[in-house]
Structure formats: C-alpha cells, structure tokens
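Here the structure comes first, spelled out in structure tokens, and everything after it is commentary.
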Amino acid sequence: MAAAASELLTGWCLFALALLAILIFCWVYVRKYQSRRESEVISTITAIFALAIALISSALLPVDIFLVSYMKNQNGTFKDWADANVSRQIEDTVLYGYYTLYSIILFCVFLWIPFVYFYYEEKEEDGSTCLQVKTALRYTLGFLTICVVLLLIGAFVPLDIPNKKNSTEWEKVKLLFEEFGSSHGLTALSFSISSLTVIGMLAAITYTAYGMSALPLNLIKGTTSAAYERLENTEDIEEVEHHILRIKSKCRDGRPLSSRDRRAVQQLEERLRTLRRRERHLEFIEKSWWAKFCEAIRPLKIVGGVFFIIVALLFTVSLFLSNLDKALHSAGFDSGFIILGTNLTNPLNMLLPVLQTVFPLDYILITTIVMYFIFTSMAGIRNMGIWFFWIRLYKIRRGKTRPQALLFLCMILLLIVLHTSYMIYSLAPQYVMYGSQKYLVQSNQTVDGQLRNVTFVSKDCDADAPEDQCIVTRTYLFLHKFWFFSAVYYFGNWAFIAIFLIGLIVSCCKGKKSVIEGEVDEDSDMSDDELSVYYR
C-alpha cells in the first residue's frame, strides 16, 4: 500500500508543478494581449482562470495514463499493491478530478464568461451598475437555459445503437461504459462536455488547422524591412497630399466643393492620418533595439519555422493514418467509428508508449503538443480575427485587445484545448486508451502433439485482452461515452486535414507580412506615447 501511495504521489506532484506552470503561462499570455488602456480586473481574472482550467484539464490526461500504466509491471503482471480496491481508488481519484474540472468548465462557459462579457458590453460612461448587472443576467439566462437542456438530454439520452453483424467491438465498449458508471449525473456531464468539444472541434478546424500552416511559414518568410516600408509609406503620403490639394484647388475662385468632392477629401484626410501613424510606428521600429534583435535571430526563426512545418506534417500524417484505420477497421458510422486497438500504426502512436515508460517524458511531449495547438490556434486567430459567419467581431492584437475580445479569445482557446484531448487520442489511440500496459498471453509448446512447455509472454494491451487484465483510462471513456459524438469527431478530423492543406497552399502564396502588421488600422486611435508599450 505504501508503494501505491508513492506512485500516486509522484503523479499528482508533477500535476501540481504543471498547474503552477499553467497559471504563470496564462497570466503572461493574457497580459501580453490585453489592452493597456481598457484593461479591466474582472475580465482579466476571468480570462486567466478560464484558460488555466482548460489547460489543467488537458494536463490531467498524462496523469490518468501514468496511473493506469504504473499499476502493472513491464512483464504484464500487476504490481503487488495494485489489487482491485487500490486500483478502483486510484481510478476514482482521477474521475473526481475530471468531475471537478469539467463542472468548472461548464460554469465558466455558461455562466461566468457570458455574464462578464455582457456586463462590459453594456458598460457606458454614465450607465448604472445595477442596470448593467440586470442586463448581463438577462442575457446570461439564455446560456444557462442551454446548459440545463444539455444536462437533461445527457441524463436520459439512450446509448443503444442499431444491431449490426459486426457489433462485437461495440459490445466491448458497452462493457467498458458499465465499468465507468451509469449514473445520470455522469452521463449528463459527459454529454455537455462532448457538446462543447464539438464546438471546440469547429474552432480547431477554423483556426488551429490554418494556424499550423500560417505560423511556420510566417517564421520562414519573415517580415518586410522597416526602412523599405517607410520609403513606400512616404511616397503614399506625398501622393495623398497631392490628391487633396488637387481637389481643393477646384474652389480657389470661391465656389464650394461638391458633396462628392467633400466626401473624397474627408476619406483622403482619414487615409493621410493613418499613413502618418504608420510613419511614426515605422520610424520607432526602425530605431528600436527589438527590431535589431529580431534581425539578429532571423536564422533561428527560419530553423524554428522548418521545425514547426515538419511537426505539422507529422501531426497531419498521424491523423490521416488514424482516421484511415477507423475507416477500414471500425464497425462503421452507427458505432461512431469506434475502434479498440490499432491496425495501422503511426509515428506518434509508436513514440508515446515508449516515452511513457520513462515518466515524465510523455508528460513533456503531451504538454508540448497542447502548447503547440495553443500557439498555432493563436496564430490562426491573429491572422483571421474573430468572426461570426461573415461579420468580423474583433481583432486580436498585442497590447490592444479589448476586454470583450479577450474573453472571446479565451473562450475559443478553452474550447480548442477541450478538443485537444480527442485530437491526442486521434494521434495516439493506443497510448490514450491503455498507456504502456501489457498483459500475459499463454504460449503452449507441443512436440508430436503432446504439451511439453507452457510459457507466458507479454503483449501490449488491446481489444483482445481479458477484461480484468487491462485498465482503460477515464479520459477515453469520457471521450466515447456517446457514439454519435465519436462519429462527428471522425468527420471533423477529415475536415481538419483538408483545411490544413488549403491553409498551407494559401500561406505559401501570400507574401511577407508588414513589420507592423495589425498595429495600425483605419480605426486605430492609439497615441504616440504608447508605442514603446507594444514594441518593448
């Protein structure tokens, strides 16, 4: 029992270290993008907390895999302390962790974030705080209604599927679900989280898939020269000034300008103000030490871009092979394309179980994958902005993101990170399901039809393993509680691959980005004394 406590303590201590690192990262990340002039304490805390909870839930995945794997020795036998009661206690500990984190995620998505968002959306200079709270609560009530509906559907939706000839796989899955538990509270929570994961899948298809190609290619191509851009900008200023003078020359004899000319002058003057702001930004960039430092590390950026594009291609190939395996060997759509074990292996599925034997190497790799998805998602959001269908709602810019946009950003990242657990399963199904567990298989040696020797050989856990020999992670069961969500995830993976390839082509065709990309817009009113904030 002491050994069990030691193993359990090791896993949870590393989880605590990951939690501390996550909190520091979220604080730095949110502070980097929030507006210095419009920052609000409540929105900042909400954004940090929401993003942290999502990352903590993803950090629980390797702990789950670590604990089920360390109950067994490498020869396939259970460790002395890993009896049925201890195993159940460890599994319940992880399950309660998921209960807590997923419940907090529901609270953030359906109550806290909507309330804070609508509170600041209704904020006015002379507005009543009481009126703001009432309006925010009224809109938040709609989100709470959606949450209640999802919980009720999840509590009573049937899990049965139509009978199929090849339903053996599904029968095995149902046995796992029975072991997982059949309480209405569990199914309601799982259904609600799966619904949010589908939204996260759509966000990942939109932003992450494009960001996986945009981020490395932007690093490789770099940005245009500040001196060159400044020269072009000066020519544009001269051209606009000349155009304004030419229009105004029409009224030298005292005649007023026509309405068309007045509108043209107004537009040109606005254009001139924007060009002059660009001039000040470019002049500051050209003289700043940061620009010189970025130029000095340009070779490292190219190497990083090449590395990230290789990683993106590795992920895409692994995802393709995993989906192809499901298409060829699963029981089909009516079972959610669920497959126990792997027939077509892929690089990540081979690598992670090997690393898992030397803890915490797999933890480091999982953390790297999650952070990679975060950064590529952020690259996609920065390039595209936040859209509602064809309407652009917000731009995400370093040091200039409004509180409402910051909340939207963290909501999207929360949903994407929630979907990351399924993405990791798609990339390495064997690892997520069983970790590095093995089980013993009897091997009989016969001579002339007579049994001479009986030996036991270890084999990686798969669908053919006896029920009491391999322990399935709680993460896997949470992800596949409802077969129809698994079917949606399957088709979503194909869409993810397609969008990545399209984004790769688009990113290759696009030219270099401006050195002040997104910092100066037509509607920008940033004062010159704030320049040092954004380029320090």
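Keep in mind that glycine also has a Cβ here, set from the backbone N, Cα and C atoms.
The coiled coil annotation in TrEMBL covers 258-285. Along the coiled coil (258-285), the predicted structure has mean pLDDT 82.
Here the transmembrane segment (12-30) has Cβ contacts under 8 Å with residues 44, 47-48, 51-52, 55-56, 59-60, 63, 359-360, 363, 367, 406, 410 of the same chain, all six or more residues outside its ends. Residues annotated as transmembrane segment in TrEMBL: 12-30 (among others).
Look at TrEMBL and you will find 42-63 (among others) tagged as transmembrane segment.
The transmembrane segment feature in TrEMBL is assigned to 96-120 (among others).
Feature annotation from TrEMBL assigns transmembrane segment to 141-159 (among others).
Distant neighbours of the transmembrane segment (186-210): 99, 102-103, 105-106, 109, 147, 150-155, 157, 159, 180, 373, 376-377, 380-381, 383-384, 412, 414-423, 478-479, 481-482, 485, 488-489, 492, 495-497, 499-500, 503, 506-507; these residues of the same chain sit at least 6 beyond its ends, with a Cβ under 8 Å from one of its Cβ atoms. Residues or ranges marked as transmembrane segment in TrEMBL: 186-210 (among others).
What TrEMBL records for 302-321 (among others) is transmembrane segment.
Tertiary proximity for the transmembrane segment (363-393) is limited to same-chain residues at least six positions away from its ends with a CB under 8 Å from its CB atoms, namely 14, 18, 55, 58-59, 61-62, 66, 203-204, 206-212, 214-215, 218, 308, 311-312, 351-352, 355, 405, 408-409, 412-413, 416-417, 420, 423-424, 427, 518. Under the heading transmembrane segment, TrEMBL lists 363-393 (among others).
The annotation transmembrane segment is assigned in TrEMBL to 405-425 (among others). Within the chain, the transmembrane segment (405-425) has long-range Cβ neighbours (under 8 A, six or more residues past its boundaries) at 30, 33-35, 43-44, 46-48, 50-51, 53-55, 57-58, 61, 105, 108-109, 113, 116-117, 193, 196-197, 199-201, 203-204, 207-208, 319, 366, 369-370, 373-374, 377-378, 381, 386, 393-396, 432-433, 475-476, 479, 489.
The feature transmembrane segment is assigned by TrEMBL to 482-506 (among others). Within the chain carrying the transmembrane segment (482-506), a Cβ under 8 angstroms from the stretch's Cβ atoms is held by residues 157, 159, 161, 170, 173, 190-191, 194-195, 197-198, 201-202, 204-206, 208-214, 217, 312, 316, 319-320, 322-323, 326, 333-338, 422, 426, all 6 or more beyond its ends.
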**Message:** Let me spell it out: take the transmembrane segment (302-321), skip the flanking residues so only those 6+ beyond its ends count, and list any with a Cβ under 8 Å from a Cβ in it.
**Reply:** 212-213, 215-220, 222, 344-349, 372, 376, 423, 426-428, 493, 496-497, 500-501
